[in-house]
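> My questions will all concern the structure given below.
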Amino acid sequence: MQSFNRINSMKYFPLSNGEQIPALGLGTWKSSPQVVGQAVEQALDLGYRHLDCAAIYGNEAEIGATLANAFTKGVVKREELWITSKLWSNAHHPDAVLPALEKTLQDLGLDYLDLYLIHWPVVIQPDVGFPESGDQLLPFTPASLEGTWQALEKAVDLGLCHHIGVSNFSLKKLEMVLSMARIPPAVNQVELHPYLQQSDLLTFANSQNILLTAYSPLGSGDRPAAFQQAAEPKLLTDPVINGIAAEQGCSAAQVLLAWAIQRGTVTIPKSVNPERLEQNLRAADITLTDSEMAKIALLDRHYRYVSGDFWTMPGSPYTLQNLWDEI
(Lines of atoms letter the chains of each structure in order from A and count residues from 1; the text may use other names and numbers.)
(Lines give C-alpha, C1' and ligand atoms only; values in the text may rest on other atoms or scores of the structure.)
Protein backbone atom coordinates (compact mmCIF):
# COMPACT_ATOMS: atom_id res chain seq x y z
CA MET A 1 0.00 0.00 0.00
CA GLN A 2 1.38 3.37 -0.96
CA SER A 3 0.86 5.95 1.72
CA PHE A 4 -0.48 9.31 0.61
CA ASN A 5 -1.21 12.52 2.44
CA ARG A 6 -4.79 13.72 2.34
CA ILE A 7 -4.65 16.47 4.94
CA ASN A 8 -4.86 19.40 2.53
CA SER A 9 -7.77 17.96 0.56
CA MET A 10 -9.86 16.65 3.47
CA LYS A 11 -13.35 18.13 3.55
CA TYR A 12 -14.47 19.81 6.76
CA PHE A 13 -17.83 20.85 8.15
CA PRO A 14 -18.18 23.99 10.28
CA LEU A 15 -19.65 23.80 13.76
CA SER A 16 -21.81 26.49 15.32
CA ASN A 17 -18.81 28.14 17.03
CA GLY A 18 -16.74 28.31 13.84
CA GLU A 19 -14.50 25.32 14.52
CA GLN A 20 -14.33 22.60 11.89
CA ILE A 21 -14.68 18.83 12.02
CA PRO A 22 -13.23 16.50 9.35
CA ALA A 23 -16.07 15.15 7.22
CA LEU A 24 -14.71 11.61 7.28
CA GLY A 25 -13.31 9.84 10.30
CA LEU A 26 -12.28 6.39 11.45
CA GLY A 27 -14.87 4.50 13.46
CA THR A 28 -13.48 2.14 16.10
CA TRP A 29 -16.60 0.19 17.15
CA LYS A 30 -16.04 -3.56 16.66
CA SER A 31 -12.26 -3.06 16.27
CA SER A 32 -10.70 -5.48 18.74
CA PRO A 33 -7.85 -4.30 20.98
CA GLN A 34 -5.46 -6.61 19.14
CA VAL A 35 -5.89 -4.82 15.80
CA VAL A 36 -7.25 -1.35 16.50
CA GLY A 37 -3.83 0.14 17.22
CA GLN A 38 -2.47 -0.92 13.84
CA ALA A 39 -5.60 0.39 12.10
CA VAL A 40 -5.25 3.78 13.79
CA GLU A 41 -1.54 3.92 12.92
CA GLN A 42 -2.27 3.17 9.26
CA ALA A 43 -5.15 5.65 9.21
CA LEU A 44 -2.99 8.46 10.58
CA ASP A 45 -0.30 7.67 7.99
CA LEU A 46 -2.94 7.86 5.24
CA GLY A 47 -4.13 11.26 6.42
CA TYR A 48 -7.10 10.52 8.66
CA ARG A 49 -7.42 13.27 11.24
CA HIS A 50 -10.68 12.25 12.90
CA LEU A 51 -11.08 9.30 15.28
CA ASP A 52 -14.40 8.20 16.77
CA CYS A 53 -14.01 6.32 20.05
CA ALA A 54 -16.09 5.22 23.04
CA ALA A 55 -15.38 3.84 26.48
CA ILE A 56 -17.69 0.84 25.94
CA TYR A 57 -15.71 -0.25 22.86
CA GLY A 58 -12.99 -1.44 25.24
CA ASN A 59 -10.08 -0.31 23.08
CA GLU A 60 -9.31 3.28 24.10
CA ALA A 61 -6.10 2.34 25.93
CA GLU A 62 -4.61 0.77 22.80
CA ILE A 63 -5.72 3.75 20.72
CA GLY A 64 -4.03 5.98 23.28
CA ALA A 65 -0.76 4.07 23.01
CA THR A 66 -0.87 4.43 19.23
CA LEU A 67 -1.57 8.15 19.49
CA ALA A 68 1.34 8.63 21.90
CA ASN A 69 3.65 6.89 19.45
CA ALA A 70 2.37 9.03 16.57
CA PHE A 71 2.91 12.21 18.56
CA THR A 72 6.44 11.14 19.52
CA LYS A 73 7.36 10.29 15.93
CA GLY A 74 5.95 13.57 14.64
CA VAL A 75 3.38 11.86 12.40
CA VAL A 76 0.73 14.25 13.66
CA LYS A 77 0.22 16.89 16.35
CA ARG A 78 -2.61 16.71 18.86
CA GLU A 79 -4.10 19.98 17.60
CA GLU A 80 -4.37 18.50 14.09
CA LEU A 81 -6.68 15.73 15.29
CA TRP A 82 -10.38 15.60 16.03
CA ILE A 83 -11.07 12.96 18.67
CA THR A 84 -14.55 12.03 19.84
CA SER A 85 -15.50 9.73 22.68
CA LYS A 86 -18.74 8.83 24.41
CA LEU A 87 -20.18 8.67 27.92
CA TRP A 88 -21.50 5.20 28.65
CA SER A 89 -24.98 4.72 30.05
CA ASN A 90 -23.82 3.64 33.52
CA ALA A 91 -22.22 7.06 34.12
CA HIS A 92 -25.17 9.41 33.56
CA HIS A 93 -25.35 10.45 37.22
CA PRO A 94 -23.95 13.99 37.49
CA ASP A 95 -21.26 12.81 39.92
CA ALA A 96 -20.14 10.07 37.51
CA VAL A 97 -19.72 12.13 34.34
CA LEU A 98 -16.38 13.80 35.06
CA PRO A 99 -14.73 10.61 36.41
CA ALA A 100 -15.86 8.74 33.27
CA LEU A 101 -14.45 11.47 31.05
CA GLU A 102 -11.20 11.56 33.01
CA LYS A 103 -10.85 7.77 32.61
CA THR A 104 -11.31 8.11 28.84
CA LEU A 105 -8.73 10.91 28.74
CA GLN A 106 -6.31 8.77 30.76
CA ASP A 107 -6.80 5.79 28.45
CA LEU A 108 -6.38 7.91 25.31
CA GLY A 109 -3.42 9.78 26.81
CA LEU A 110 -5.02 13.15 26.12
CA ASP A 111 -5.61 16.39 27.99
CA TYR A 112 -8.91 17.08 26.24
CA LEU A 113 -11.43 15.67 23.78
CA ASP A 114 -12.72 17.60 20.82
CA LEU A 115 -16.18 16.11 21.33
CA TYR A 116 -17.84 14.09 24.11
CA LEU A 117 -21.22 12.50 23.45
CA ILE A 118 -23.96 10.90 25.52
CA HIS A 119 -23.78 7.47 23.88
CA TRP A 120 -27.44 6.48 24.28
CA PRO A 121 -30.57 8.07 25.78
CA VAL A 122 -30.58 5.12 28.16
CA VAL A 123 -29.61 4.89 31.83
CA ILE A 124 -27.98 1.79 33.36
CA GLN A 125 -27.30 1.02 37.02
CA PRO A 126 -23.87 2.46 37.94
CA ASP A 127 -22.27 -0.91 38.70
CA VAL A 128 -23.42 -2.57 35.46
CA GLY A 129 -21.39 -2.57 32.23
CA PHE A 130 -24.03 -3.95 29.89
CA PRO A 131 -27.42 -4.95 31.30
CA GLU A 132 -28.44 -8.59 31.40
CA SER A 133 -31.90 -7.99 32.89
CA GLY A 134 -34.49 -5.24 32.75
CA ASP A 135 -34.10 -4.30 36.41
CA GLN A 136 -30.57 -3.09 35.66
CA LEU A 137 -32.01 -0.30 33.51
CA LEU A 138 -33.36 2.99 34.84
CA PRO A 139 -35.74 5.45 33.13
CA PHE A 140 -34.33 8.21 30.94
CA THR A 141 -36.20 11.35 31.98
CA PRO A 142 -35.90 15.12 31.44
CA ALA A 143 -34.59 15.41 35.00
CA SER A 144 -31.94 12.72 34.50
CA LEU A 145 -30.88 14.27 31.19
CA GLU A 146 -30.60 17.73 32.72
CA GLY A 147 -28.25 16.50 35.45
CA THR A 148 -26.07 14.68 32.94
CA TRP A 149 -26.02 17.65 30.57
CA GLN A 150 -25.06 20.13 33.27
CA ALA A 151 -22.11 17.89 34.19
CA LEU A 152 -21.06 17.82 30.54
CA GLU A 153 -21.29 21.60 30.39
CA LYS A 154 -18.99 21.73 33.42
CA ALA A 155 -16.52 19.53 31.52
CA VAL A 156 -16.48 22.14 28.74
CA ASP A 157 -15.97 24.90 31.30
CA LEU A 158 -13.00 22.97 32.71
CA GLY A 159 -11.47 22.50 29.26
CA LEU A 160 -11.74 18.70 29.38
CA CYS A 161 -13.72 18.70 26.13
CA HIS A 162 -14.26 21.43 23.56
CA HIS A 163 -17.73 20.34 22.39
CA ILE A 164 -20.50 18.17 23.77
CA GLY A 165 -23.25 16.33 22.00
CA VAL A 166 -25.47 13.29 21.89
CA SER A 167 -25.86 10.01 20.05
CA ASN A 168 -28.94 8.01 19.12
CA PHE A 169 -31.21 10.95 20.00
CA SER A 170 -34.54 11.32 18.23
CA LEU A 171 -35.85 14.70 17.10
CA LYS A 172 -38.01 14.83 20.23
CA LYS A 173 -35.03 14.12 22.49
CA LEU A 174 -32.96 16.74 20.66
CA GLU A 175 -35.70 19.25 21.44
CA MET A 176 -35.56 18.14 25.07
CA VAL A 177 -31.83 18.78 25.44
CA LEU A 178 -32.05 22.08 23.56
CA SER A 179 -34.73 23.27 25.99
CA MET A 180 -32.40 22.90 28.96
CA ALA A 181 -28.94 23.48 27.50
CA ARG A 182 -26.67 26.39 28.35
CA ILE A 183 -24.22 24.89 25.84
CA PRO A 184 -26.24 23.31 23.02
CA PRO A 185 -25.22 19.97 21.50
CA ALA A 186 -22.81 20.35 18.60
CA VAL A 187 -23.43 16.89 17.16
CA ASN A 188 -25.99 14.09 17.15
CA GLN A 189 -24.38 10.81 16.06
CA VAL A 190 -26.98 8.43 14.65
CA GLU A 191 -27.33 5.52 12.27
CA LEU A 192 -27.56 7.01 8.79
CA HIS A 193 -27.41 5.38 5.36
CA PRO A 194 -29.63 5.14 2.26
CA TYR A 195 -31.95 2.62 3.95
CA LEU A 196 -32.34 4.93 6.99
CA GLN A 197 -32.04 8.48 5.67
CA GLN A 198 -33.67 10.31 8.62
CA SER A 199 -34.50 13.36 6.52
CA ASP A 200 -36.74 15.00 9.16
CA LEU A 201 -34.02 14.65 11.79
CA LEU A 202 -31.42 16.05 9.38
CA THR A 203 -33.62 19.04 8.51
CA PHE A 204 -34.27 19.80 12.19
CA ALA A 205 -30.61 19.39 13.15
CA ASN A 206 -29.57 21.75 10.36
CA SER A 207 -32.09 24.33 11.58
CA GLN A 208 -30.50 24.19 15.04
CA ASN A 209 -26.87 24.23 13.84
CA ILE A 210 -26.43 20.65 15.04
CA LEU A 211 -24.28 18.44 12.84
CA LEU A 212 -25.31 14.84 12.24
CA THR A 213 -22.63 12.16 12.23
CA ALA A 214 -23.49 8.94 10.40
CA TYR A 215 -22.54 5.66 12.05
CA SER A 216 -22.91 2.30 10.29
CA PRO A 217 -22.78 4.15 6.93
CA LEU A 218 -22.02 0.91 5.08
CA GLY A 219 -24.71 -1.17 6.78
CA SER A 220 -22.55 -2.59 9.58
CA GLY A 221 -22.45 -6.11 8.19
CA ASP A 222 -19.65 -7.04 10.61
CA ARG A 223 -21.47 -6.08 13.80
CA PRO A 224 -21.89 -8.77 16.52
CA ALA A 225 -24.21 -11.64 15.61
CA ALA A 226 -26.49 -10.76 18.53
CA PHE A 227 -27.19 -7.42 16.85
CA GLN A 228 -27.95 -8.96 13.45
CA GLN A 229 -31.39 -9.88 12.18
CA ALA A 230 -32.45 -12.66 9.85
CA ALA A 231 -32.51 -11.83 6.14
CA GLU A 232 -31.57 -8.19 6.61
CA PRO A 233 -31.00 -6.09 3.47
CA LYS A 234 -27.39 -5.67 2.35
CA LEU A 235 -26.49 -2.10 1.45
CA LEU A 236 -23.22 -3.02 -0.21
CA THR A 237 -24.97 -5.30 -2.71
CA ASP A 238 -27.87 -2.95 -3.48
CA PRO A 239 -28.24 -2.83 -7.29
CA VAL A 240 -28.86 0.93 -7.37
CA ILE A 241 -25.75 1.64 -5.30
CA ASN A 242 -23.68 -0.74 -7.42
CA GLY A 243 -25.01 0.78 -10.63
CA ILE A 244 -23.89 4.22 -9.48
CA ALA A 245 -20.53 2.77 -8.45
CA ALA A 246 -20.06 1.39 -11.96
CA GLU A 247 -20.89 4.79 -13.47
CA GLN A 248 -18.50 6.56 -11.09
CA GLY A 249 -15.73 3.99 -11.43
CA CYS A 250 -15.57 3.42 -7.69
CA SER A 251 -16.74 0.91 -5.09
CA ALA A 252 -20.22 0.64 -3.56
CA ALA A 253 -18.73 1.63 -0.20
CA GLN A 254 -17.31 4.80 -1.72
CA VAL A 255 -20.73 5.71 -3.14
CA LEU A 256 -22.30 5.30 0.31
CA LEU A 257 -19.67 7.49 1.97
CA ALA A 258 -19.79 10.13 -0.76
CA TRP A 259 -23.58 10.23 -0.39
CA ALA A 260 -23.30 10.83 3.35
CA ILE A 261 -20.78 13.64 2.95
CA GLN A 262 -22.72 15.25 0.11
CA ARG A 263 -25.78 15.42 2.40
CA GLY A 264 -23.75 17.45 4.86
CA THR A 265 -23.24 14.67 7.40
CA VAL A 266 -19.97 13.50 8.90
CA THR A 267 -19.36 9.79 8.35
CA ILE A 268 -17.21 7.41 10.38
CA PRO A 269 -16.72 4.06 8.62
CA LYS A 270 -14.81 1.43 10.54
CA SER A 271 -12.08 -0.57 8.87
CA VAL A 272 -8.91 -2.36 9.88
CA ASN A 273 -8.02 -3.22 6.27
CA PRO A 274 -5.33 -0.94 4.78
CA GLU A 275 -6.79 -0.95 1.27
CA ARG A 276 -10.29 -0.16 2.53
CA LEU A 277 -8.95 2.56 4.80
CA GLU A 278 -7.48 4.19 1.72
CA GLN A 279 -10.60 3.65 -0.40
CA ASN A 280 -12.81 5.13 2.30
CA LEU A 281 -10.64 8.23 2.53
CA ARG A 282 -10.76 8.69 -1.24
CA ALA A 283 -14.57 8.72 -1.09
CA ALA A 284 -14.43 12.31 0.14
CA ASP A 285 -13.27 13.32 -3.37
CA ILE A 286 -16.24 11.73 -5.17
CA THR A 287 -19.14 13.94 -6.26
CA LEU A 288 -22.44 12.26 -7.08
CA THR A 289 -24.72 13.81 -9.69
CA ASP A 290 -28.16 15.20 -8.84
CA SER A 291 -29.66 12.25 -10.68
CA GLU A 292 -27.62 9.79 -8.62
CA MET A 293 -28.60 11.51 -5.36
CA ALA A 294 -32.26 11.34 -6.45
CA LYS A 295 -31.98 7.61 -7.15
CA ILE A 296 -30.50 7.02 -3.71
CA ALA A 297 -33.24 9.10 -2.07
CA LEU A 298 -35.76 6.51 -3.29
CA LEU A 299 -34.00 3.71 -1.38
CA ASP A 300 -35.15 4.87 2.07
CA ARG A 301 -36.98 2.05 3.86
CA HIS A 302 -36.58 3.19 7.48
CA TYR A 303 -34.44 0.17 8.23
CA ARG A 304 -32.25 0.15 11.34
CA TYR A 305 -29.32 -2.24 11.47
CA VAL A 306 -28.82 -1.19 15.11
CA SER A 307 -32.43 -1.41 16.22
CA GLY A 308 -31.83 -0.85 19.93
CA ASP A 309 -33.79 -3.97 20.84
CA PHE A 310 -30.99 -4.95 23.23
CA TRP A 311 -32.40 -2.29 25.60
CA THR A 312 -35.92 -3.74 25.56
CA MET A 313 -35.63 -6.97 27.58
CA PRO A 314 -38.48 -7.91 29.97
CA GLY A 315 -38.78 -5.46 32.86
CA SER A 316 -36.94 -2.70 31.00
CA PRO A 317 -38.40 0.83 30.98
CA TYR A 318 -37.44 1.01 27.29
CA THR A 319 -39.42 0.01 24.22
CA LEU A 320 -38.49 0.61 20.61
CA GLN A 321 -41.31 3.16 20.56
CA ASN A 322 -40.04 5.28 23.47
CA LEU A 323 -36.39 4.81 22.50
CA TRP A 324 -36.86 6.26 19.01
CA ASP A 325 -40.07 8.21 19.74
CA GLU A 326 -41.82 6.52 16.86
CA ILE A 327 -45.36 5.20 16.67
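Including glycine, each Cβ sits where the backbone N, Cα and C put it.
Quantities reported herein were computed from a predicted structural model and do not represent experimental measurements.
Below are the features I grabbed from Swiss-Prot:
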{"type": "ACT_SITE", "residues": "Tyr57", "note": "active site, proton donor"}
{"type": "BINDING", "residues": "18-27, 216-280", "note": "NADP(+) binding site"}
{"type": "BINDING", "residues": "His119", "note": "substrate binding site"}
{"type": "SITE", "residues": "Lys86", "note": "site 'Lowers pKa of active site Tyr'"}
> Can you grab the distance from Leu236 (NADP(+) binding site) over to Tyr57 (active site, proton donor)? Cα atoms, rounded to a whole Å.
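Distance between the two Cα atoms comes out at 24 Å.
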> For Lys86, His119, listed as recorded positions, tell me which one has the smallest number of other Cβ atoms within 10 Å.
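Among the recorded positions Lys86, His119, the lowest count of other Cβ atoms within 10 Å belongs to His119.
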> Can you give me the Cα-Cα distance between Arg276 (NADP(+) binding site) and Tyr57 (active site, proton donor) in Å, rounded to a whole number?
21
> For Gly18 (NADP(+) binding site), write down the residues of its own chain that are at least 6 apart in sequence and whose Cβ falls under 8 Å from its Cβ; none is a fine answer.
none
> What is the separation, in Å, between the Cα atoms of Ser216 (NADP(+) binding site) and Lys86 (site 'Lowers pKa of active site Tyr')?
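It is 16 Å, counting Cα to Cα.
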> Translate the DSSP assignment of Gly18 (NADP(+) binding site) into the three-state scheme.
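In the DSSP reduction, Gly18 (NADP(+) binding site) maps to coil.
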> What Cα-Cα separation, expressed in whole Å, is found between Lys86 (site 'Lowers pKa of active site Tyr') and His119 (substrate binding site)?
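With the alpha carbons as reference points, the distance is 5 Å.
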> Expressed to the nearest Å, what is the distance separating Tyr57 (active site, proton donor) and the residue listed as 'substrate binding site' at their Cα atoms?
11
